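TrEMBL annotations:
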DOMAIN    1-127  domain 'Acyl-ACP-thioesterase N-terminal'
REGION    13-52  region 'Disordered'
COMPBIAS  42-52  compositional bias 'Polar residues'
DOMAIN    138-272  domain 'Acyl-ACP thioesterase N-terminal hotdog'
DOMAIN    307-379  domain 'Acyl-ACP thioesterase-like C-terminal'
């Protein structure tokens, strides 16, 4: 439509004077209706009178443009006749041309703003669309997250669930950005052909400090080899503004056949897909080689149904600083679980007065089959960022 308007403005359609005179001669004294224009001859003077249908004034960008009619010449009888054809009234319709150019520039500006998006404040999320990017020679995936109000607890710090969600999200987005995301959830194309999926067998997380509401965290993740048939994935979470390291995590993954539910070796075709992305680096968290004990009813001070694993006095006065998990088997959607917890070297009745606390955990089915063994470490809660919990921090300049 814009191109048509611009073209018609540059190339106005004109009629030949000879053909016009010829038509007038053929019409004679008969009346003819042509597209709403009525022509008739006058009985007294023989001059031609033209009556055109009324038209609304033109608009440009919603603004009405008032045009001044050009007065024609009058003959001896006082009847107006069309002005003579000159160079001026043969120029293009500049108002239509201006409207076309304005429309083109507005569309181009909108498209450019979408492609060249930049934050207007330094505390705004640098990665507004949550896509992330590949850095460090294509081996590290980086993505930023803003801590939302619904991701914090009563102390206005992010929960451990929020941090774990960030780790999972970056792992999947890393596979997608590298072009290794097949039909499965994190499985490569060759893995999908062989009905293979990734399962995590061990995970260690160390939280140096929890981010607070409004912080923007930067999550870096990469993969490395782990033995002959395993893969290690590491994460490093930092404050995107200060660079302070907040959380470190390391995990070990193996392959399982999703039909037989048995562990599998890494096929050569799959190895060829993932090995180019392996990074030769040390784990982000030094391995805790201490053996995770198997709890039973006689060793556990707390036995609960469901996923509640830490006693309430610990949750009220302490925050999780580190955890180590070993996954033994999967559980189904309808599985009924039991959680066993043993508090190490402490008075169970006086947990609130202790400093650092370590707990042993077991998540099992009702029949006693182990799901997860774990060990957690807890430290007293401190308002590190801004005095009292109820105090609202001043806005940074």
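Backbone N, Cα and C atoms are what each Cβ position is placed from, and that goes for glycine too.
Values in this document were obtained by computation on a predicted structure and should not be read as measured data.
Summarised by DSSP class, the composition of the domain 'Acyl-ACP thioesterase-like C-terminal' (307-379) is 12 helix, 37 strand, 24 coil. In the predicted model, the domain 'Acyl-ACP-thioesterase N-terminal' (1-127) shows an average pLDDT of 52.
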